[in-house]
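According to TrEMBL, the protein carries these features:
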DOMAIN    28-80  domain 'P-type ATPase N-terminal'
TRANSMEM  74-92  transmembrane segment
TRANSMEM  264-287  transmembrane segment
TRANSMEM  314-333  transmembrane segment
ACT_SITE  Asp365  active site, 4-aspartylphosphate intermediate
BINDING   Asp365, Lys366, Thr367, Glu463, Phe504, Lys527, Arg562, Thr642, Gly643, Asp644, Arg721, Lys727, Asn750, Asp751  ATP binding site
BINDING   Asp365, Thr367, Asp747, Asp751  Mg(2+) binding site
DOMAIN    773-1027  domain 'P-type ATPase C-terminal'
TRANSMEM  804-825  transmembrane segment
TRANSMEM  837-857  transmembrane segment
TRANSMEM  887-911  transmembrane segment
TRANSMEM  923-942  transmembrane segment
TRANSMEM  954-978  transmembrane segment
TRANSMEM  998-1021  transmembrane segment
Amino acid sequence: SLFSLSFLKDCTWQVKNDFAFFFFFFQQNNAIKTYKYNAFSFLPMNLFEQFKRAANFYFLILLILQAIPQISTLAWYTTLFPLLVVLGITAMKDLVDDVVRISRATVSSLFKVTKWKEIQVGDIIRLKKNDFIPADILLLSSSEPNSLCYVETAELDGETNLKFKMALEITHQYLQRENALTTFDGFIECEEPNNRLDKFTGTLFWRNTSFPLDADKILLRGCVIRNTDFCHGMVIFAGADTKIMKNSGKTRFKRTKIDYLMNYMVYTIFVVLILVSAGLAIGHAYWEAQIGNNSWYLYDGEDYTPSYRGFLNFWGYIIILNTMVPISLYVSVEVIRLGQSYFINWDLTTTLNEQLGQIHYIFSDKTGTLTQNIMTFKKCCINGQIYGEWKPLLGPRECPVDFSWNMFADGKLAFYDHYLIEQIHSGKESEVRQFFFLLAVCHTVMVDRIDGQLNYQAASPDEGALVSAARNFGFAFLARTQNTITISELGTERTYDVLAILDFNSDRKRMSIIVRTPEGNIRLYCKGADTVIYERLHQMSPTKQETQDALDVSIFASETLRTLCLCYKEIEEKEYEEWNKKFMAASIASTNRDEALDKVYEEIEKDLILLGATAIEDKLQDGVPETISKLAKADIKIWVLTGDKKETAENIGFACELLTEDTTICYGEDINKILKLKFPRTEEERRMRTQSKRRLEARKEQRQKNFVDLACECSAVICCRVTPKQKAMVVDLVKRYKKAITLAIGDGANDVNMIKTAHIGVGISGQEGMQAVMSSDYSFAQFRYLQRLLLVHGRWSYIRMCKFLRYFFYKNFAFTLVHFWYSFFNGYSAQTAYEDWFITLYNVLYSSLPVLLMGLLDQDVSDKLSLRFPGLYVVGQRDLLFNYKKFFVSLVHGILTSMILFFIPLGAYLQTVGQDGEAPSDYQSFAVTIASALIITVNFQIGLDTSYWTFVNAFSIFGSIALYFGIMFDFHSAGIHVLFPSAFQFTGTASNALRQPYIWLTIILTVAVCLLPVVAIRFLSMTIWPSESDKIQKHRKRLKAEEQWKRRQVFRRGVSSRRSAYAFSHQRGYADLISSGRSIRKKRSPLDAIIADGTWLRNILMISNGDKIVLKTLQCKKNTHTKKNSNVIAKPNAPQWTLFQQLLPSCDVNEIWENCKTASKSPIKIN
């Protein structure tokens, strides 16, 4: 049902409900594959992906080489068994992850129920209430009046409020029945598939007439049908052509910094392995030439030259020393990450945990991430008068306005200015009623009734808060149709004709509605940003300056309130008729329709009369300032990226303590001067700039680098008015030029690009849907959980992974390099120093469990101390615990341990005789002695590396040693040799060797020489050069006692952890008082009761002197209250006494002064 025209035209996408048309010009179906495998492709594809890892492919080559008898001295199963275990565990993990991805969905069409993937472009489908929309479809009809359809777009744009779509009147009229839908032969010509969610341009050709199509008639994939029993639509875009898929962006495979470092170290080990094998092969060739050819008893029946024997031995040593490259390293890392992710209690990823301990920069959204995205109507300015401040003479501060007189009040609004209610009821100022009427009528909110109660669904939380406020103040929005809107005005229902809706967009920054009153008057109501409204006001519009003062930093903006200006205009009938003709022509324009409409809107939105401004509050989330403070102490820099205006973004910075009064702020214009950015202004400059693209790109990169260098020198960065794409670009700049580990956190669909771009993406499951959560690596409910994620779990994961890797490399070097020392005594013949089965099980059973448990459970300090001392976090940022230096330390440690493990038993076995008179110095007994000493040494070494001991750790260490001896005695028994004589050749070796005390003394000596230097070095290091965690561990008992004492002290003082909303203000005033907890109101007691109780009184002497206030406090006991400075008590009937008694508990100078000025215009003296 779809093809593209080859000639140039704005609308080149054509759709028709015709199967033959679809069959011949098919391009895209609706199938979206979210999984990687199917039943047939799983095994080959998974093995192919696993063998793309260098280590796995390396061991596959080794397995092939071990099958060649001339090369290998090691049994093939020693490599096969570990390789199968690694491949099997990884395959099971991949299979489980892929099963989770498979989603199955169905959709109800006209004649049958079908799966999403079977839908094709041009199909007519029926959707029911609460169905997800499977493709981008044109709405044809619905069960609602005028074929309205309500959709929730949370998965698309992050907004949980409902939006409405409306079908064309022609399709609404003729396409309600199924038989009419089956014969629908309309032809649609529209734009090509694109990622613009808010725009659509097309034309429907049907019944010899063309009808314009726009975004209001399109239902997009990913939305949900709400409050609509059913609807019908024609599929326009399907599958990967849908707008949501065009916006999905490229999903990047994220790997940690340690992953990259680990790969480089494995490559380094490869190089070392090749060099060592080559050196030993040369040694064997030399030995063969000097000794081997002259020793008749070494003749093997093959007349190979010494150089050829050396070549064969090169591959033999590659096989023997293969354990230098740890085959179980990758699978062990995956197991540890999986376990850590369960401890963290998030299961979106299992591969990035240790990277959480290395974050340098956090990029955060503002709305819904730092703030709650729950809007509350706080204040307003009407006709130059500010409402919303508490006025003591009109009611106590604890008592909000009583809305019980209003039958439509929802009971959720807490408003404390009783004077505004008096103004509404009195009707003395018509502007007050006009103000709330505008809020009730100028919007795109949807309404329905649930159990008799009004339920609003708004396009944004701001708009919902404003309409709900109007409802509570007596102007309730009740219902709407395509052409009318019904309002309850103080109990009286009135219906207005809606002549036009001039909708909001990001360029206009305003919306307007034109209505006709029941009396026949035409009026335009408009609300929008102050910058665009003030440009369109009438020259004689009153209260412009007073409203501007309210919007200024000193009142609304300083409290980070979100503001909108309200205005109106009377329109003559003739003026409207002329404008409406232009409006209708622009509405059906086939090209540049949006620009034409904007031009028409501009003609009518002028000479407006200002009514006032609204101020709604978006509170900070709990714990945001404390979290930012702790992260800053951990040397993590936080950048806030928001679409809000500069003033609001700046004030949020002060509210969350990202900025302080001592902060020097550089604004955008200042940065341009510092960076000396010059942008082309004239055509000549543009022509000069475009002459050399290479030079232009170089300058662009230099400007970007300069910007990043300057911004990274700042303690905090706030980017305002940024788009989703710009958010991702800022993150990418820091990644590119600073090579720093980044974390992005957001809650909306507009944060998805940023989350995908950063090394770590965190989604907040808040008010803006689940789009950010589904694209993130980790998710939780509030920003404050970030401090525990990073400072506790991230830091622990980093430390555990670093300890694991250092120990893993150490134990493999100690195990493998024994073969190297043994080569000097066996003619470099690639002979193994251990039993084959010991080589097979060493990494799988004998030494795996303790290191895995350390990687899962170890912690240097407790979680409480990790949060108390954020400075501990810097070790991960600086890569102090795992780097090339630490790697070579592990290499040297492994080399020394292997030397001790080989040479001490070698010296003990030389020229010795056992208690039975037999020499114990045979090869098999020697192999058992080295293996036993190795297992005890490496398991005790993990004990020395463990900081946090549990029963599980101790059991794993001693259990691994016991398991080794149990399996060894079993494998060396006669019974298993009888069953498998070629595989088990060390018959009786363990029982014969380990029954002699001399062997046990040798093992104990070897273990002691390996471990005692480590103990001594650790002791000296912690004593002379202790780290920060060492110091905290040393004093952890005292710190724990201090923490408990502080908790008791806080509880006894009764300090509340609840933050006041006024902490948004960074100006001198109430902020410090309220945020400190002293503003918490306690129940007032009469003055006589306070005196009778014998408590101390604070008498206040306040004298007015212009704008200056003098405060004097004296302490007096009840029996001395007749002193000169307490004569207020002797005059209980004075007018000032009532006011003083009312204000006594607050003891706030500014508050008392304001109340005194309110009570009397003349200066007041209170003794």
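Glycine is no exception: its Cβ is also placed from the backbone N, Cα and C atoms.
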* So what's the mean pLDDT when you look at the domain 'P-type ATPase N-terminal' (28-80)? -> 69
* Among 264-287, 314-333, 804-825, 887-911, 998-1021, point out the range having the most Cβ pairs under 8 angstroms from the transmembrane segment (923-942). => 998-1021
* **Highest-contact recorded stretch vs the transmembrane segment (804-825), from 314-333, 837-857, 887-911, 998-1021, CB pairs under 8 Å** => 887-911
* Among 264-287, 837-857, 887-911, 954-978, 998-1021, which stretch has the highest count of C-beta pairs below 8 Å with the transmembrane segment (314-333)? -> 264-287
* From recorded positions Asp365, Thr367, Phe504, Arg562, Gly643, the one whose Cα lies nearest Asp751 (Mg(2+) binding site) -> Asp365
* **Interface check, the transmembrane segment (998-1021) with the transmembrane segment (837-857), three or more C-beta pairs under 8 A** => no
* **Euclidean distance between Cα atoms of Arg721 (ATP binding site) and Asp747 (Mg(2+) binding site), Å** => 17
* Asked: Quick one, of the recorded positions Asp365, Asp747, Asp751, which Cβ has the fewest other Cβ within 10 Å?
  -> Asp365
* Contacting positions for the transmembrane segment (954-978) when only residues 6+ beyond its ends and CB under 8 Å are counted -> 835, 837-838, 841, 845-850, 853, 928, 931-932, 935-936, 939-940, 942-943, 984-991
* Asked: Within the chain of Gly643 (ATP binding site), which residues six or more apart in sequence place their C-beta under 8 angstroms from its C-beta?
  -> Thr367, Cys720, Arg721, Val722, Thr723, Asn750
* **Among Asp365, Lys366, Thr367, Glu463, Phe504, Lys527, Arg562, Thr642, Gly643, Asp644, Arg721, Lys727, Asn750, Asp751, the record's ATP binders - longest CA distance, Å** => 28
* Asked: Expressed to the nearest Å, what is the distance separating the residue listed as 'active site, 4-aspartylphosphate intermediate' and Phe504 (ATP binding site) at their Cα atoms?
  -> 23
* Fewest other Cβ within 10 angstroms of its own Cβ, chosen from the binding-site residues Arg562, Arg721 -> Arg721
* Asked: Tell me which residues of the chain lie with their Cβ under 8 angstroms from that of Phe504 (ATP binding site), as long as they are six or more apart in sequence?
  -> Thr444, Arg510, Met511, Gly528
* Lowest local Cβ density (other Cβ within 10 Å) among binding-site residues: Thr367, Asn750 -> Asn750
